[in-house]
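According to TrEMBL, the feature domain 'BPTI/Kunitz inhibitor' maps to 115-165. Feature annotation from TrEMBL assigns region 'Disordered' to 170-197.
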Amino acid sequence: MCGSWSVRLGQGSQSSEAGASEQEFLVLVSPARPVPPEMGFSGLLLILVPLIVLGGVQEPGLVEAFIVKKCPSNRARCEMKERDQCTKHRQCPNKMNCCKFACGKKCLNIKQDVCSLPKKTGPCLAYLPRWWYDKEKKVCSRFIYGGCQGNNNNFQSENVCKDICSQKSKTCGSSPRSHRHPWLGRSHSPGGSLCPG
């Protein structure tokens, strides 16, 4: 039997006035290698489900990490591929997903409208001509990016900016000022409320 925990050391004899009797001595020793427990899929579930549920009670963000969130789908005509900021969701800060966006992989908060973010040049001193979407004017405008600590409203060309942010507006109810959300597929009014799509 593989991984037996008992070893028979030997036999001894003992005599007494009533007669002779024989005894066996057993000693428990661990095998040279530990025997791994056979844990199937159901055994793993018994461990993981309580951890996820209890973790969700303690910190709701943990449970959200197990729910697959869809990245935005966009078809931008890139002049060149940009350096990826991430390769997996876990490399991104809380509530952000690693998504293919514009011309490279970036950490995105998929609940946030990238095109409504303000222009952010960042504190670094590089001189990178870029484009951002000005939501108030509804145009893509040129700016100089410093090379670090910007945001995702930062595109390599006017065409990419337009492909991502300048989508046709869709009315919500009778409001002529509502705009189609770039990737949620729903409209939102300038006040920020989402309309059913």
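Cβ atoms here come from the backbone N, Cα and C positions, even for glycine.
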Pop the mean pLDDT for the domain 'BPTI/Kunitz inhibitor' (115-165) in here, whole number is fine.
95
If you run through the domain 'BPTI/Kunitz inhibitor' (115-165) with DSSP, how many residues end up as helix, strand and coil?
10 helix, 15 strand, 26 coil
